[in-house]
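K.L.:
Got a structure here, written out as structure tokens. Questions coming.
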Amino acid sequence: MLHIHNTLTRRKEAFVPIAPGKVRMYVCGMTVYDYCHLGHARVMVVFDMVARWLRASGFELTYVRNITDIDDKIIRRAGEKGESIRTLTDRFIAAMHEDADALGVLRPDHEPRATEYVMQMQSLIGRLRDKGLAYVAGNRDVCYSVRKFDSYGRFSGKSLDELRAGERVEVAGDKQDPLDFVLWKHARTDEPDEVKWASPWGAGRPGWHIECSAMSSDLLGEQFDIHGGGQDLQFPHHENEIAQSEGAHGHTFVNYWMHNGFVRVDDEKMSKSLGNFFTIRDVLERFDPEVVRFFILRAHYRSPLNYSDAHLEDARQALTRLYTALRNVQPSDAQVDWDEPHAMRFRAAMDDDFNTAEAVAVLFELANEANRSGSAATAAQLKGLGGVLGLLAREPASFLQGRMAGEPDKGEGVAIESMIERRALAKKSKDYAEADRIRAQLLASGIVLEDTPHGTVWRRA
């Protein structure tokens, strides 16, 4: 049975969906004003893995990941670029999809844009106003009154006094409490008309937190199974989502909360000021996308993930071992036999709070067994279980020879194969010095030759 670490209760719990056999999951997505960075990559890959495992476990999943396409940063960036909000956000949504596709991330079932749900947000704000949980501040913003929601702070495990003392919160004019947060931002004269919507409280735009409450309830209902996101969103974003949704609807918002850990770079926090900020595109210029996905999945999703070139290179070499086993022992197919002992250990790992670190260890056990036994069935298990994680779907030669998935051999392979043939002729003629010279020449160019029962094959070092 699947168990999930629930951030709300701070313990691992048996997963029981609201509707038997069906799961509804919402994940906070990207604010699209720039290219996605490594933190975004982790969120995308982690919850893609969660979605894949839920479906592999037989659940009928509805997966929603939103897009924030209206925000202070977006307005500022569009002004800097001299382009419309829609032009800017469309461009970065397309870039986000390109990055996600490269990382093997399947599209969610729904990918709502905040600007498409403004009416639903206004309806939710109106409900909060009717219940006395929201008020119009002196600057004409509509704010949520946290002191009116008795459970505020329960999610982050802090009292209101502790939160006021220890957290940096957005301050709006004439708030009743420093922790009160904006539901509706009154229009500013220096902002473009495309970010202004008519409302009962005057022209303006939604605050960040109300977006997710409105989109999730519209697509998944007032209560659903799983809500995910990065650890940085626990407070204030998810605390505020709970206050909004439970305040408006009067009952539990989400049953299981999941948060992935932070990404660090060379053991330091990733930030532009430290000069260690990397976009997904920066990393993919140097490493195969499947290596990046594998690197993310080697760690448990709740653990900190420390990025470095050395760690990515280690991931590349490890993934090479798995693909080498598939190349050496051609699998009969990629169907998983879930009654086989390795598959049972894989399932146990994944059912233990999506423990991909242990699941990946099972893949290496299978690779070692395939290399020892030459069993096509074992190789099929390896390929099939890897596929559950979104790995090992390519032809081994494509990965081992350094080509991207679907990328054709651009002629380099022909030249290398020609040298392999010359080496074979030299060996046949017992000119071992020439054979060794060819091997050394290729190795100097980063090409490793491996003699197998099926002939000589090559891969990148």
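Cβ coordinates come from backbone N, Cα and C, glycine included.
Per Swiss-Prot, the features are:
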BINDING   CYS28, CYS212, HIS237, GLU241  Zn(2+) binding site
MOTIF     30-40  motif ''HIGH' region'
MOTIF     269-273  motif ''KMSKS' region'
BINDING   LYS272  ATP binding site
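For each feature listed, report its degree of burial, its nearest neighbours and the pertinent distances within the displayed model.
P.N.:
Cβ environment of HIS237 (Zn(2+) binding site): CYS28, TRP208, HIS209, CYS212, GLY229 lie under 8 Å away, each six or more residues apart in the same chain.
With a cut-off of 8 Å between Cβ atoms, the residues of this chain six or more beyond the motif ''HIGH' region' (30-40) that come close are 67-69, 71, 73-74, 76-78, 88-89, 92-93, 95-96, 99, 230, 232, 262-263, 265, 270, 277-281, 283, 307.
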K.L.:
In the motif ''HIGH' region' (30-40), how many residues does DSSP assign to helix, to strand and to coil?
P.N.:
3 helix, 2 strand, 6 coil
K.L.:
Neighbours of the Zn(2+) site CYS28, CYS212, HIS237, GLU241: Cβ within 8 Å of the Cβ centroid, same chain, sequence order.
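P.N.:
The surrounding set, listed in chain order, is TRP208, HIS209, GLU211, SER213, HIS227, GLY229, LEU233, HIS238, ASN240.
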